[in-house]
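According to Swiss-Prot, the protein has these features:
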DNA_BIND  140-205  DNA-binding region
COMPBIAS  83-109  compositional bias 'Polar residues'
COMPBIAS  211-223  compositional bias 'Basic and acidic residues'
DOMAIN    232-463  domain 'NR LBD'
MOD_RES   SER22  phosphoserine
MOD_RES   SER28  phosphoserine
MOD_RES   SER61  phosphoserine
MOD_RES   SER75  phosphoserine
MOD_RES   THR87  phosphothreonine
MOD_RES   SER134  phosphoserine
MOD_RES   LYS150  N6-acetyllysine
MOD_RES   SER264  phosphoserine
MOD_RES   SER265  phosphoserine
REGION    1-61  region 'Disordered'
REGION    1-139  region 'Modulating'
REGION    79-109  region 'Disordered'
REGION    165-170  region 'Nuclear localization signal'
REGION    206-229  region 'Hinge'
REGION    211-233  region 'Disordered'
REGION    353-373  region 'Required for nuclear export'
ZN_FING   140-160  zinc finger
ZN_FING   176-200  zinc finger
Amino acid sequence: MDTKHFLPLDFSTQVNSSSLSSPTGRGSMAAPSLHPSLGPGLGSPLGSPGQLHSPISTLSSPINGMGPPFSVISSPMGPHSMSVPTTPTLGFETGSPQLNSPMNPVSSSEDIKPPLGLNGVLKVPAHPSGNMSSFTKHICAICGDRSSGKHYGVYSCEGCKGFFKRTVRKDLTYTCRDNKDCLIDKRQRNRCQYCRYQKCLAMGMKREAVQEERQRGKDRNENEVESTSSANEDMPVEKILEAELAVEPKTETYVEANMGLNPSSPNDPVTNICQAADKQLFTLVEWAKRIPHFSELPLDDQVILLRAGWNELLIASFSHRSIAVKDGILLATGLHVHRNSAHSAGVGAIFDRVLTELVSKMRDMQMDKTELGCLRAIVLFNPDSKGLSNPAEVEALREKVYASLEAYCKHKYPEQPGRFAKLLLRLPALRSIGLKCLEHLFFFKLIGDTPIDTFLMEMLEAPHQTT
């Protein structure tokens, strides 16, 4: 016969035997006398060596430290001595006389505890049984309403719990209009705040428990602030913003140098975009070197990351720069490319995607330069780039940018809890648009009718570095 099914029974009897058996190994207390529902199966001596061969008996289980088995066999609702204490010195009426009073008709849900005068008839013991202990846990010790658990040391309802917490936290003072002996029950608990608070104290509610709860909340908030600040120290958003601002003057220089040019340049939009991209690739390298920890990576890895992300990095930049432009984009050279020109040049579909999925979304949420810089840093630290010597290191840097950006959003825009997620949702669109733009550039390079300068040509001739 397979004995595995009997392991739980053997284990429980073994645990009970250690508590119930006498030094001679014979059971000094029969299990049926403890609880009739357990049946006669546990009435035999429990010290027989045949029951000690189960492998589970050698394990250190928490149940071995439970002591006598009474807590296991009796009601799980707690110790037998649990009852609602009385405080006659304060003039509060206890449960039973209150139930007997003709002025307080009871509902069916409250008519559970028998009047004290019926103890002899119903054979209610002097000390409450396990069932009575269970009952006291289901009622509020202050007003007799249904208890929601133990609060500040006493089983109480949500109403009395909240009342006591507010009183302690706000350090409120009450006055009784009568003789400081008002009846506090479910129906009248709100009539006298003074007597209700005094009864909370009399029943055992602890002021210090409320204060400790508040301190725990403060400590938790301080820990969160410390964790966010430590993340920001590893990848400070201030440095990321500095990197964005450092390349901005060069963009403005391009704009000033081209102020005399007619915005509708004789060159087609694709040529203008390619020329702007070639110039921006130089500033992109300078930007990347200013991003924290990028220059600490092996030089080969730096090159791989820039080759893998240059197109998305440039698209993110000119999209954010174009927030103030209507139906067009502003290039770093200072030229505007209108959507009509893009459609005429045959790149209208991808141009419209840039406007709707990037420029418009950035405008709607008023994305600032710090957030733009963090998104670009996330693109830069791409652990999926092929050929990296240590992808895990790059992934760790990306995670630090995530943490710093999230902390920045919570601090700068506390009224927008979903802002961090909205920012990250721009990344898939940026990736998709970047790949489509690469397809167009490869096509223009292939047919050869669009002048592509040296740096951009080098980027296009290198194999695409992402998986």
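Cβ atoms are placed via backbone N, Cα and C, with glycine included.
Per DSSP, the region 'Nuclear localization signal' (165-170) is made up of 5 helix, 0 strand, 1 coil. Sequence-distant contacts of the residue listed as 'N6-acetyllysine', defined as residues of its own chain at least six apart whose C-beta falls under 8 angstroms from its C-beta, comprise SER156. Taken residue by residue, the zinc finger (140-160) breaks down under DSSP into 3 helix, 5 strand, 13 coil.
The zinc finger (140-160) scores a mean pLDDT of 90 in the predicted structure. Per DSSP, the zinc finger (176-200) is made up of 8 helix, 0 strand, 17 coil.
Across the range of the region 'Required for nuclear export' (353-373), the DSSP-based residue counts are 18 helix, 0 strand, 3 coil.
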